[in-house]
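Below is one structure, written out as structure tokens; comments come after it.
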Amino acid sequence: MLTRNCLSLLLWVLFDGGLLTPLQPQPQQTLATEPRENVIHLPGQRSHFQRVKRGWVWNQFFVLEEYVGSEPQYVGKLHSDLDKGEGTVKYTLSGDGAGTVFTIDETTGDIHAIRSLDREEKPFYTLRAQAVDIETRKPLEPESEFIIKVQDINDNEPKFLDGPYVATVPEMSPVGAYVLQVKATDADDPTYGNSARVVYSILQGQPYFSIDPKTGVIRTALPNMDREVKEQYQVLIQAKDMGGQLGGLAGTTIVNITLTDVNDNPPRFPKSIFHLKVPESSPIGSAIGRIRAVDPDFGQNAEIEYNIVPGDGGNLFDIVTDEDTQEGVIKLKKPLDFETKKAYTFKVEASNLHLDHRFHSAGPFKDTATVKISVLDVDEPPVFSKPLYTMEVYEDTPVGTIIGAVTAQDLDVGSSAVRYFIDWKSDGDSYFTIDGNEGTIATNELLDRESTAQYNFSIIASKVSNPLLTSKVNILINVLDVNEFPPEISVPYETAVCENAKPGQIIQIVSAADRDLSPAGQQFSFRLSPEAAIKPNFTVRDFRNNTAGIETRRNGYSRRQQELYFLPVVIEDSSYPVQSSTNTMTIRVCRCDSDGTILSCNVEAIFLPVGLSTGALIAILLCIVILLAIVVLYVALRRQKKKDTLMTSKEDIRDNVIHYDDEGGGEEDTQAFDIGALRNPKVIEENKIRRDIKPDSLCLPRQRPPMEDNTDIRDFIHQRLQENDVDPTAPPYDSLATYAYEGSGSVAESLSSIDSLTTEADQDYDYLTDWGPRFKVLADMFGEEESYNPDKVT
């Protein structure tokens, strides 16, 4: 019964220490406590009026976690007041873990835990107990609920859930500078004993760092820790439960601490003198050497700025910082010349860009070194005496004329001769030549300033000893103008002078232009030609600024006397030889008002001095127009009246009858027929084709053969009808065509001699009636039944 005695002792300690308190008063139950047993009395079925002894009854049991004994762990005992110990009562258990974790003796009510329990897995179990009559299988009491708590033991060590840790702290920090706070957790019950009370300590990392035992805050323990001496620290932290007492469980973690850099070190050159060798042919801007100062700091604290201290040759060189390597790159600012100077010496200063004011007292954060540069001799190309040569030559200069020279020298020791030639790419047309030995430039073509005013080409000089070494220079040649063209008036001027002009008035400003040079390059003079200077009506006033004014010399001008004046103006330039030209200006006399504003320069102004106003002239013109209209109307009516007397009525139109007393064909006649063809029908005419109608067949021109009797008239009419059908000049509408042909071979010479026909009885004119109404007159005239009536002939 050792287990039961230990359990009783534990329960006594719990009660005596006040750790367990009654959860629920049960007035129906009686307290039956044995020093070595845990007993829960089930409520009995008694009268409510029966007086019972009051007391506190447990409704919970306790069981130790992690029990490893050979026998099941005794938990407690259930007992009913109705159980008399006769074996008639059966106890049952249900709820969490009933039958799997906990078992009950049905007869005695003893409860046992049949397996090891873990409080961290499940801290308590809720079960229900009931007493049942064995014989009747009926509950003797209502079901009662109770709790079994798993009693914690110190079986879990503290754990750092966030470990391992990484922290940083600036170098040179003072003692007590905050680094990091660590935290360990214990899975044991923090409300029971010291199983979950953790204490921190440092196992490795002293004396550099310290830790607060309760809070786990890590701080620096030494001042002025230098990153350049040691940058990384690994600190081992321990967390122990039970308040750090003996027997407590412990857990550890690692904290990696890095000292961050501060600018506490100045840059230092590893040596005081740097020697560099530079060829004299090094191009401007090229890097000729590198120097480096060392700064043990890191990042931006190690960024260095280099500067050349003013001194010998300092203006020929420059130094910049390479951001990747923090080296000082020395560059060439001006060309070097071995023949001029062979060595240069200057100092370079290196300093930090980002300073920390806390370390100013440590001294200046910069260092100085000396740089010595030796210039190496290089075989160089010739050097021209000028960077650009400008020359001038007159246009039309004879070919072969020397216009200038260039000079290049070899400045190296033991100089070589120089050869010259023109770069063919710049002077493709070969306007110039150069002497290869002397460098003289001459013309190779006749030059014309008006065509090309300026030439730009290059000359190359090479060493005879090394032709690959060449240099180039630009040549600019300006072609000077020879005064070839005389000046002329720049634009045509339309000059007018008022009739009421006064002497001395400027009526026009003229300017001149010269094709030789721009107007700003010459001075022009203006004057009248000698023949116009005699009793001039106008004169020229030279303003001495390449312009002149036309000035009046008379008091008033009359358009009736002279409407236009022609003024010859002589213009001379100032070049040599002097060129001049005579330009004739036309001056028109106009009518102006009193203010000099031109009112009219038209022809009607000539009539104004007669005394007629403009309104009177308009009235006269209207009258003339009306009279002309009346005359035209009268002539038209007369002609219409003559036409009306030609026919008896408008319906009776004799299309083939015309009057022969007309002296000439009217508009209708000339458009409708060719009078020449009618007068000479025997003339062969070309058959014309109409353009708007495609004829089925073309009629070839032929001469009408002479016909006997009256058949020639019929053939004549058929021939004219056919010609009109194919005539392209015929109008696109029906028109009246008249013919003057009376036939050939007739004995009658006129219409008045129709009665004298001797063979009238032999003539057959009945076919005329078949030709339609247009030939009705002829049919009536030559018909057999109707005699000739002289009253019908007009």
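Just so it is clear, glycine is given a Cβ too, placed from its N, Cα and C backbone atoms.
Taken from Swiss-Prot as is:
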type: DOMAIN; residues: 55-160; note: domain 'Cadherin 1'
type: DOMAIN; residues: 161-269; note: domain 'Cadherin 2'
type: DOMAIN; residues: 270-384; note: domain 'Cadherin 3'
type: CARBOHYD; residues: N256; note: N-linked glycosylation site
type: CARBOHYD; residues: N456; note: N-linked glycosylation site
type: CARBOHYD; residues: N537; note: N-linked glycosylation site
type: CARBOHYD; residues: N545; note: N-linked glycosylation site
type: MOD_RES; residues: S787; note: phosphoserine
type: SIGNAL; residues: 1-23; note: signal peptide
type: TOPO_DOM; residues: 55-609; note: topological domain 'Extracellular'
type: TOPO_DOM; residues: 638-794; note: topological domain 'Cytoplasmic'
type: TRANSMEM; residues: 610-637; note: transmembrane segment
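Here N256 (N-linked glycosylation site) comes close to P164, Y165, V166, A167, Q232, Y233, Q234, V235: these same-chain residues lie at least six apart in sequence, with C-beta atoms under 8 angstroms from its C-beta. Each residue contributes its Cα atom, and for N537 (N-linked glycosylation site) and N456 (N-linked glycosylation site) those atoms are 53 Å apart. By a simple count of nearby Cβ atoms, those within 10 Å, the most crowded of the glycosylation sites N456, N537, N545 is N537.
N537 (N-linked glycosylation site) falls within neither a helix nor a strand when secondary structure is assigned with DSSP, and so counts as coil. Put simply, N456 (N-linked glycosylation site) is 34 Å from N545 (N-linked glycosylation site) when counted between their Cα atoms. Residue counts for the domain 'Cadherin 2' (161-269) under DSSP (helix as H, G, I; strand as E, B; rest coil) come to 3 helix, 45 strand, 61 coil.
For the domain 'Cadherin 3' (270-384), the number of residues in each DSSP class (helix H, G, I; strand E, B; coil) is 13 helix, 54 strand, 48 coil. Across the domain 'Cadherin 1' (55-160), DSSP helix (H, G, I), strand (E, B) and coil residues number 0 helix, 48 strand, 58 coil.
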